[in-house]
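Student: Let me begin by handing over the structure; questions about it come next.
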Amino acid sequence: MTDREQFFRDVNKIVIKIGTSSITRKGCDHTKENCNIDPAFMESIAAQVYELRKHGKEVILVSSGAIGVGLNELGIAPKPREIPIRQAAAAVGQSILMQDWSRAFSKYGMKVAQILLTYEFYSDRVTYLNLRNSISTLLEYEVVPIINENDCTCTNEIEAIFGDNDKLSAMVASKIDADLLIILSDIDGLFDRNPKTHSDAKLLTLIKKITPEIESYGGDPTNFKGVGGMRTKIKAAKICSMAGCYVVIANSEIEDVVTKILSGEEIGTLFLAERHIQKNRARWIILARASGTVRVDAGAKAAVLGKNSLLPAGIVDIEGTFDRGDVVKLECEGKVFAKGITNYTSKELIKIKGAQTNQIDNILGYNNYDNVIKKENIGILEGIN
């Protein structure tokens, strides 16, 4: 077994970030931004995702390209600096992008879902919780989430905050506890110097730790179409490393590149992760300060310990005042056995405790979630039998 096979053996949740230069890579002038989509490339990605899904892997895509596609559709000259024009292009291009992704995945009987994000998604707790729950639910229904920055509503942030979605993909990967982020672009990986100007540049296949020297290898954007150069990719890898997520930067032109990466082939640059430090999201939940206590019966405790979500039917009592998105203790017969992030406020739980899931709407007048705490948002305390 190769080193990479060993690293990727337990990889289950994968984020694949696809750059603008990959989506439009064939028959396009690289000095321009407005280019047509490459349907063959999209179908190749869909085929590889399909194979991963057959092996039980969960896959999320982060897809760039909306602005470039929109500019081409509207017949606008490349690289306009006016934000309203770029926003309009993003709105037009995003719909085309999703239609083509849907068409590509439909050939393999798969459905896709569009998720557009702004900077707020990782700075606001409730928005972040909504994102996690939405992606988790889509994956449960075997839908492929396709994420992009919401360029249409950004102002000065447009293409600047996330850097052609490099940072966005890293933030998504870290927030949903992904095991691996694959960044596909038109470059082979990280070199010790610029390969365009140095014929003896060496491809670095393994980065164990991102040091100042490694960061110095990041340069300017690789072309005029995307805005994400190697510097932003190194920053993305740094974010993922701290979250316990591996990162591979590879060239999208390699045939079946995703499949080959997961099979252990030494393609591109692999950034190792501090998996022993922060991989377990449950550890953060366990160490977080609880805002209240949810008391449950023995049946609910057994369900939670069996890695199931907490439902309102098993709740006996509520203690404290807390909001949606807060961490709460789970207690049974006087003993705290877990902590979790609640989907409902303390006032709401007082009303729906002991109720069946199908009764929530009648009691509250709405039903935001069938579960009180999703299984992914529960941390079991050590020593619980």
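Keep in mind that glycine also has a Cβ here, set from the backbone N, Cα and C atoms.
Sharing the record's features from Swiss-Prot:
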- Lys17, Ser185, Asp186: ATP binding site (BINDING)
- Ser64, Asp151, Asn165: substrate binding site (BINDING)
- 291-367: domain 'PUA' (DOMAIN)
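Structural setting of the listed features?
Tutor: Asp186 (ATP binding site) carries neither a helix nor a strand DSSP state and counts as coil.
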Student: Quick one: of Lys17, Ser64, Asn165, Ser185, Asp186, which of the binding-site residues has the smallest count of other CB atoms within 10 A?
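Tutor: Relative to the other binding-site residues in Lys17, Ser64, Asn165, Ser185, Asp186, Asp186 has the fewest Cβ atoms within 10 Å.
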Student: Tell me the Cα distance separating Lys17 (ATP binding site) from Asn165 (substrate binding site), rounded to the nearest angstrom.
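Tutor: Taking the Cα atoms only, Asn165 (substrate binding site) lies 8 Å from Lys17 (ATP binding site).
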Student: Looking only at the domain 'PUA' (291-367), how are its residues distributed among DSSP helix, strand and coil?
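Tutor: Once the DSSP states are binned, the domain 'PUA' (291-367) shows 26 helix, 23 strand, 28 coil.
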